[in-house]
């Protein structure tokens, strides 16, 4: 009897909350419609022109990114190309890989998807055997390593899979979240909630680094085997 009464009371509380939320949404919509109704033709034309300008700017930005190699996951042949690529784009993810490392191939699959989704970021890969200078400068000791470069500076590194749940079966969303934590792409989710299947099992800690110039200070990489 008491249980039924509690359920009924809870249902009424929930119903009231839903009604209140619905009322707030309706009031907001009514307010927006009223604003539109009160606008004269000049104001509506100005609003329309403002939105068209925003669309044109967005389209121009998209074309600029595409012209610089955004929108695809590309391999660059040399260290010299690396410096030129990061100079051209504000946000760059570069995968330092080796052909014989299985985990590099796993990472490749996810980076292909993210490169098409996040045009604001350039996605590259560079064979470590062709980049001895960069690997020494950045202290890249674990393969795969992602160098996250923003405004020509190494913002952060993703070393192995330790930040991705310590599993080869991590999702593209997990990698997207991790890159979003370094603001190297526009992440729309909640950065405080990693998309791991079991947050307690995998943990949420990762190492964030201070900004360093590519040619500058040392990077103490995680030396654990990947």
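Backbone N, Cα and C atoms are what each Cβ position is placed from, and that goes for glycine too.
Taken from TrEMBL, the feature domain 'Thioredoxin' applies to 79-162. Broken down with DSSP, the domain 'Thioredoxin' (79-162) shows 36 helix, 26 strand, 22 coil.
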Just to confirm my parser: what is the rounded mean pLDDT across the domain 'Thioredoxin' (79-162)?
96
